[in-house]
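Report on one structure; see the data block that follows.
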Amino acid sequence: MSVLVTNIGELFTGDEVRAGAAVVTEGDRIAWVGDAAAAPDADERIDAGGRVVLPGFVDSHTHLMFAGDRSAEFAARMAGEPYTGGGIRTTVAATRAASNAELRASAGRLAREALRQGTTTIETKSGYGLSVDEEQRCLRLAQEITAETTFLGAHVVPAEWAHDPDGYVDLVRGDMLAAAAPHARWIDVFCDRGAFDADQARAILLAGRAAGLGLRLHANQLQHGPAVRLAVELGAASADHCTHLDDADVDALAGSDTVATLLPGAEFSTRSPYPDARRMLDAGVTVALATDCNPGSSYTSSMPFCIALAVREMGMTPAEAVRAATLGGARALRRTDVGVVAPGARADLVVLDAPSHLHLAYRPGVPLIHRVLHNGVLQ
Ligand SMILES: [Zn+2]
């Protein structure tokens, strides 16, 4: 079945802003994009009523596979306690105790919540199981939600391995990876203070690559360190967070295919300084925006919220932020079929109840999502 989306006030394709455009979808693909006056006929018609049409958002970094709640930890942080990452172990205990049905319901609710806010492609990670069986279980359940699943056995060292972190690294790159790899597209490591060092991260990522997984890295979130440089050196698809960078890090990213995925929900929720997106964009770094949705450091599934933060706090223009939330996210997942409105791309469109993409940052916190077309199906 074909659908003509017409009377579009502004079409944000991911690359450019067009006026007077129309879009035709055929099944789950975009079939045609061009001037409305030249639009071909279609079986059905959606009148956008002068609203802006965008690609569906691509949220390339989330942690949806968890149980439990850490609102008390958030409250304590807002009362002045620092964020350390140690609260991850609280979620590990709750996740291990949860049934498949509970995990499925919780992750499914968050994925639907994201879709209602315009996210039509979502990546999600394991990382709250931290044993061979639990990591595999979380990835199997994650596959029910998305094809973009990431093995994050190296999130933190679980309590039962605290006496032998290198023994845990061997488990992650050995039996745990073997159990996880059939259910994952990517492998990720939290390479930062209180988590894994660069040598440990390198060993795990190289094992993941040998098992056929693509590479991503939690890099330079809590302090400056070697993780961004490691991501570039290993050709990772994405270095995520990039909050503490020196000039050499920025140059390395700019000269690479590694995307800098910025997660301003984490800085918001931990009351920390934001990454300097302006500096990265000016240096030629490809930037993505994602939510980092997780119960500890960024419990938001809202890409519009992250766009508003990126504009207000990180020096991005509204157009740069929307591009980073669509095309940038697609690049961070090495996808060419999402994050754009172009013939052949997946028919994932968002219609905002606004005349232009500027309103995503101009009207923060306002539910602007009017319609979502996902795989060609009106939600
Ligand atoms: Zn994360």
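Backbone N, Cα and C atoms are what each Cβ position is placed from, and that goes for glycine too.
Feature list (source: TrEMBL):
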type	residues	note
DOMAIN	52-354	domain 'Amidohydrolase-related'
BINDING	H61, H63, H218, D292	Fe(3+) binding site
BINDING	H61, H63, H218, D292	Zn(2+) binding site
BINDING	R70, Y128, H155, Q221, S297	4-imidazolone-5-propanoate binding site
BINDING	Y128, N294, G296	N-formimidoyl-L-glutamate binding site
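R70 (4-imidazolone-5-propanoate binding site) is 14 Å away from H63 (Fe(3+) binding site) when you measure Cα to Cα. Over all protein chains present, the Cβ of H155 (4-imidazolone-5-propanoate binding site) has 27 other Cβ atoms lying within 10 Å. Distance noted between the C-alpha atoms of H155 (4-imidazolone-5-propanoate binding site) and H61 (Fe(3+) binding site) is 14 Å. A count of other CB atoms within 10 A of each Cβ picks out H63 as the most crowded of the binding-site residues H63, R70. In sequence order, H63, F66, R70, G87, I88, T91, G127, P295, S297 are the same-chain residues whose CB sits within 8 A of the CB centroid of Y128, N294, G296, the residues recorded for N-formimidoyl-L-glutamate being left out. Screening the binding-site residues R70, Y128, Q221, D292 for a C-beta under 6 A from any atom of ligand 1 leaves D292. Using CA atoms as reference points, the binding-site residues H61, H218, D292, G296 were checked against R70 (4-imidazolone-5-propanoate binding site), and the closest is G296. Using the Cβ center of H61, H63, H218, D292 for Zn(2+), the list of other same-chain residues with Cβ within 8 Å runs, in sequence order, T62, K125, D188, D240, H241, L263, A266, A290, C293, N294, S298.
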